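The domain 'EngB-type G' annotation in Swiss-Prot covers 27-201. According to Swiss-Prot, the feature GTP binding site maps to 35-42, 62-66, 80-83, 147-150, 180-182, an assignment based on sequence analysis. What Swiss-Prot records for 42, 64 is Mg(2+) binding site.
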């Protein structure tokens, strides 16, 4: 497979959907971004694409309840899933959302990878582990980005990355763990390389 290098700066907004059933047809390749409401998901997407307002960062965690789709190239889509685990969202809504999220991760044919974003200071909460579990059971590769890495010293950062790498071994999946900071541009290149790899089957001769 030839190595490809997509230009993520050309990424543009495609559409929003109120729920999993409303997202566009199951074609091309999709890569989903998931994370707790305050994990810095929108910030990471904006850093990857070098666009300040591509993904709206909300001052109110849990506000982004829509699924937002972005197109990098024709048939190459990034899917921004609503933040999970925010207390102010009604319990019934949470349960419904988690159910459809599990279905999406396990049944969506064009889904090629999952990026899970977690605050480096509070990684692997219950719902993060649930996401990883669903992905692994669907044979979906996972990139765990430990966000806000600039909040820790370099040695503390390395320690956290090592701890998370050891903690995920029992999942026995294809899981890569990297530190990430939009502010200090840590891990953006590694994210782009991983996305290129996941999108590459579309460009195979």
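Here the Cβ of each residue, glycine as well, is placed from N, Cα and C on the backbone.
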Quick one: of 38, 42, which of the binding-site residues has the smallest count of other CB atoms within 10 A?
38
Overall pLDDT of the domain 'EngB-type G' (27-201), taken as the mean:
91
Cβ-based isolation winner (fewest other Cβ atoms within 10 Å) among the binding-site residues 35, 82:
82
What is the total of other Cβ atoms whose distance to the Cβ of residue 41 (GTP binding site) is within 10 Å?
25
Going by DSSP, give the three-state secondary structure for residue 35 (GTP binding site).
strand
Looking only at 66, 180, the binding-site residues on record, which one has the least crowded Cβ, with the fewest other Cβ atoms within 10 Å?
66
Between the Cα atoms of residue 66 (GTP binding site) and residue 42 (Mg(2+) binding site), what distance do you get, rounded to the nearest Å?
13
How many other Cβ atoms sit within 10 Å of the Cβ of residue 148 (GTP binding site)?
23
Which three-state DSSP class does residue 41 (GTP binding site) fall into?
helix
